Amino acid sequence: MSHNSFGHLFRVTTWGESHGLALGCVVDGCPPGITFTEAEIQAYLDKRKPGQSKYTTQRREPDQVRVLSGVLLGDDGVTMTTTGTPISMMIENTDQRSKDYGEIARQYRPGHADYTYDVKYGIRDYRGGGRSSARETAARVAAGAIARKVVPGLEVKGALVAMGVHGIDRRRWNWSEVDNNPFFSPDAGSVELFADYLDGIRKSGSSVGAVIEIIAEGVPAGIGAPIYGKLDQDIASLLMSINAVKGVEIGNGFEAARLTGEENADEMRIGNDGKPLFLSNHAGGILGGIATGAPVVARFAVKPTSSILTPRRSIDKDGKEVDVMTKGRHDPCVGIRAVPIGEAMVACAIADHYLRHRGQTGRV
């Protein structure tokens, strides 16, 4: 199985399976001299880890990260400094229940990658989905924590803006609310609505999708490249690589198709600081594949979790028709925990383009 790496200069390789002993990543190309602590990485992993509320899977994983290489430990015993060599990080799996998946060892769960993995490789790890499980994304979040350190002044934030048929009221958007509720919603008024809605979904044994919005501020103007090396192209690619993601848009995205040229174009003036100022940001901070200096805005759609308690028609490996009902512990809305994952992937894309731009032009 190939295609376990992404990035050019800031290159990330992830490894491990849902029910293996551990999973992790190797970050290659991180510049030397960057300082961080394991606690800083852990803070992002804690946002993604399971079992934190009744609205996520009850699999209990501490997701404790260990940095194995690529750093020098400071005299304080806490601060690490990158050496420029590959940074390897590991997260142990501690709460696997492989027996929950015994009945589907030869059955294909509708909506999952069971059939496609089998038809491609002739073998699949049925225990929690193996490599195709969202468990793999913990390693991406760890890599994203390093990526944030590469670009000075970069701030990447995410929020859940829609769940099923319900969306937030953007007039009430408040970033300080995101970490105050189990849905990462920036709208305090939507929390009770989401809770009641998801309670009903969860109790029925079903699932629901979500839309996540990521905003990156402090992105240097000029990073990115035209034609086949676009910043938005790579952001879209990395967001699409996240489990269950079925759509991505940058800036206005599909809404731009409903606007006129006058409505969609971002007009410019010179700001009070003497620098170019965009009067709007319909482009989502990227034009021609190159960052404008305005906030980079991306949204992605996460489909409903395919592991549900309702029997679904399918087939097994022997070609027999079967009814499949998934057991085990699963997220009724996997989009909730996709927020820190989306942040990590956007951070990695920006860090990679930042280093590529610096290498090509000698400036940032």
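Using N, Cα and C of the backbone, Cβ positions are placed for all residues, glycine too.
Computed from a predicted structure; not experimentally measured.
Annotated in Swiss-Prot:
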type    : residues                                                                                       : note
BINDING : Arg48                                                                                          : NADP(+) binding site
BINDING : Arg131, Ser132, Ser133, Asn243, Ala244, Gly288, Lys303, Pro304, Thr305, Ser306, Ser307, Arg329 : FMN binding site
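Location within the structure of each feature annotated in Swiss-Prot.
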residue: Arg48; record: NADP(+) binding site; contacts (Cβ under 8 Å, 6+ apart): Asp63, Thr137, Ala138, Val141, Arg337, Pro340, Ile341
residue: Arg131; record: FMN binding site; contacts (Cβ under 8 Å, 6+ apart): Met1, Gly16, Glu17, Ser18, Asp125
residue: Ser133; record: FMN binding site; contacts (Cβ under 8 Å, 6+ apart): Glu17, Ser18, Asn243
residue: Ala244; record: FMN binding site; contacts (Cβ under 8 Å, 6+ apart): Ala134, Gly209, Val302, Lys303, Thr305, Ser306, Val334, Gly335, Ala338
